[in-house]
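Per TrEMBL, active site, proton acceptor is recorded for Asp42. The annotation NAD(+) binding site is assigned in TrEMBL to Asp42, Gly43, Asn116, Asp117, Arg127, Lys144, Asp146, Thr157, Ala158, Tyr159, Ser160, Leu161, Ser162, Gln216.
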Amino acid sequence: MRSKGVTPLLDHEGATLLRDEPSYSRETIRDESEVVLVLGGDGTLLSAARLLAGTQIPILGVNLGNLGFLTEVQSTEVLDVLSRTLQGDYSIEDRIMLQVRIFRNRIEQSQTHVLNDIVINNGSIARLIESDIYMNAQFVTSLKGDGVIFSSPTGSTAYSLSAGGPILYPGMDGIIITPICPHTLTHRPIVIPGAATLEILIKKGDSSVTATLDGQVGHSLKVGDMIEITRSPHITRLIVNSERNYFEVLRDKLKWGDT
């Protein structure tokens, strides 16, 4: 890469593989990079997306994991794709993120920006959770069940899909609400406008109720806590293979439409 005029900044994990290279903190990489190369699976990319929220730095994801739906570049393609990227021959997809704010006694406890989803459920013990959901200050429903998933279009192919939610095209502006094992026959997933403000009030649940963000960051919740979910002012910019479209990825990774 240096022969092409590129100075690589490796995080601590990456530097351990190349003993002669110095390592840098994730914050330094965020502040000094023009492009971030992510080697791993979708979880690694989700972590990078949260780190880079608000920076406009594009991410090139190379799949070294199992499914690799977001890290769509395969290890066999990396040299070719990286070479074209360094020459400016690449396409970027902008993906909306979701902003999550958690309140307790009307005091904000945390604020996070996620790319995939927010899951509210029980941790170790499977017990009923009851929550009231509001959209733009209007009551939507009281949901009883194992929990609920709030997903971006990017996250529509993750946990939400497994729970019966729809697939949203990545460029759409919407938020999916997907109940997890609802204790009614009529609660079904629904897609709402991305500009909406969602508020979720925890009405019933034990001490293990948790909000899990992108499957990686957990926040313990109590009865009376309120979670606000909106479209984030930040986006994630993904460098994509211009020779492969979204439906090819769906067919290849998820076997969508197989007969």
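Glycine residues also receive a Cβ, built from the backbone N, Cα and C atoms like all the rest.
Just so you know, TrEMBL annotations never went through curation; they're auto-generated.
Just so it is clear, the model here is predicted, and its values are computed rather than measured.
Mapped onto this structure are the features recorded in TrEMBL.
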| residue | record | Cβ contacts under 8 Å, 6 or more apart |
| --- | --- | --- |
| Asp42 | active site, proton acceptor | Gly61, Gly65, Leu67, Gly68, Phe69, Leu70, Thr71, Ala158 |
| Asn116 | NAD(+) binding site | Leu46, Ser151, Ser152, Thr154, Gly155, Ala158, Tyr159, Asp214, Gly215 |
| Arg127 | NAD(+) binding site | Gly205, Asp206, Ser208 |
| Asp146 | NAD(+) binding site | Asn121, Asn122, Ala126, Leu128, Ile129, Ile180, Cys181 |
| Ser160 | NAD(+) binding site | Asp117, Ile149, Ser151, Ile176, Thr178, Pro189 |
| Ser162 | NAD(+) binding site | none |
Reduce the DSSP letter at Arg127 (NAD(+) binding site) to three states and note it down.
coil
Quick one: largest C-alpha distance among Asp42, Gly43, Asn116, Asp117, Arg127, Lys144, Asp146, Thr157, Ala158, Tyr159, Ser160, Leu161, Ser162, Gln216, binding NAD(+) per the record, in angstrom?
30
Suppose we draw a 10 Å sphere around the Cβ of Ala158 (NAD(+) binding site). How many other Cβ atoms does it contain, all chains included?
24
Conformational class of Ala158 (NAD(+) binding site) under the three-state DSSP mapping:
coil
